[in-house]
Amino acid sequence: MILLCGGIPFLWNLSGRISARAGFGPEYEIVQSLVFLLLATLFSAVTGLPWSLYNTFVIEEKHGFNQQTLGFFFKDAIKKFIVTQCILLPVTSLLLYIIKIGGDYFFIYAWLFTLVVSLVLVTIYADYIAPLFDKFIPLPEGELKQQIETMAKSIDFPLTKVYVVEGSKRSSHSNAYFYGFFKNKRIVLFDTLLEDYSALNKEPAEGEDGENEETKPKPKNKKQGCKNEEVLAVLGHELGHWKLGHTVKNIIISQMNSFLCFFLFAVLIGQKELFTAFGFYDTQPTLIGLMIIFQFIFSPYNEVLSFCLTVLSRRFEFQADAFAKELGKAKDLYSALIKLNKDNLGFPVSDWIFSMWHYSHPPLLERLQALKDAKQE
């Protein structure tokens, strides 16, 4: 409907009128582009809100995952929008400026710029951005922390810190991940993954006031999370991704694809027919060119690439499971996968064609079958 009704050129012209009122004429294309981007993301956030509300307060609520109140949801949404704009607008303005002054080889400079930005964001995300939304606390001293450090040391993983994030205030879904470059690796465990630390397993104290009502965990009828041995098995799988170089391989593939896309963008940006087809008869704004080419022209290519990456991801998941098996964690990983599937209400049976196209992780039964022999041993 947006394409048929000329929504994109309408929003661009509206951005031009707003920029003109602020004293910026048509020659200030970057300013107009930033106004357009702000309006477009605001429109996307508003129109996507009903679906997000339905997903959180109907579907997630129905199946016992939602832990948010309406007030917490809206505060979270506003905070996400503001943080997104603080990153998106400066980065976009610099990218457009580089494309404008880059000459014939602007695509190389644009690619290098996006590479640096992505590496910086990956570096600062967990330390400076994620804590704006969730509370991170160091994993308390004890048996679990000692076992994690011992396992990391056994495979030369340069672990510096282990955190627990209070994911239970938002959802009862479980997760774990690691981040950091070179010799500064950190592990993050969701409290919902840890049976001993999950707030969802604790009864609220009597006489507790309503100060934190918006994030107070809702009572559950069963234990949430995994035992320490199972948590170690899950971490063994995650560390397998690091040891086998999966993270580096994904970064290399992503950057090769990014360079190819910028090169093709440089080839196609001069085609007036592309702009005309989308309702831009007199102007060829760079931001609109980026949107048309990356979002629409590359759409078939992106679908094929997505399928190839899904196939590769499933292969990586099997390899990471095999790595955990080599660490002697097959039995615990077997039981952990079953627990996590139950906690997340996953359905164990999948149509092979549908799962082959859509599932970045192999279906549960396939992973269990791959672990079965080692588990029996």
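Every residue, even glycine, has its Cβ placed from backbone N, Cα and C.
Here is what TrEMBL records for this protein:
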DOMAIN    2-135  domain 'CAAX prenyl protease 1 N-terminal'
DOMAIN    138-373  domain 'Peptidase M48'
REGION    203-225  region 'Disordered'
ACT_SITE  GLU238  active site
ACT_SITE  ASP321  active site, proton donor
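Long-range Cβ contacts of the residue listed as 'active site' within its own chain (separation 6+, distance under 8 Å): ALA176, TYR177, PHE178, ILE187, ALA320.
Assigned with DSSP, the residues of the domain 'CAAX prenyl protease 1 N-terminal' (2-135) fall into helix, strand and coil as follows: 111 helix, 1 strand, 22 coil.
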